[in-house]
Amino acid sequence: MKILNCFSLIGQCAKPILRTYTSPAADLLKLPRVDIKEGKLRYLLLSVYIHGETKHARTVVRGWNTDSHDDIYYKNVRAMEKLGLCTKCLGGGKMDNDESARKIKIHGSCKTFGAANHHKTKEILLSSSKYKNFNITVKK
């Protein structure tokens, strides 16, 4: 009986530990790769990862109609921290997203974070179900 009680205590101790380590991983996998709005917008290419696990990062695109790339970055940092995830900016740029014409133009750079790899951004957009049939062009 003492052995069973001992195993029960081990199980109770292990549950919070497992929950701690699996929750950020699950959140990282559920994280949408693309979150952009319609119209002329600024965007960032972000690497999201579990602290200390940069090898298993997920690259995401985030873009909104805002005056500054910083607004996008800090809003995403706060959201990812709530999930136990870390964020690193890979650069930014601008987009013209015309959803009615199914066209997206990617161009420009970000003064704060530098230019994003627009071809990587295009690849991520085309991999999403919403934008896979869009005509996406990259300006130099």
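Every residue number used here counts from 1 along the chain in the order it is shown.
Cβ coordinates are placed from backbone N, Cα and C, and glycine is handled just like the others.
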- prompt: Hey, Swiss-Prot has substrate bound by C110, K111, T112. Any idea which of R42, R58 it lists too?
  reply: R42
- prompt: The record names R42, C110, K111, T112 as the residues that bind substrate; what is their largest Cα to Cα distance in Å?
  reply: 12
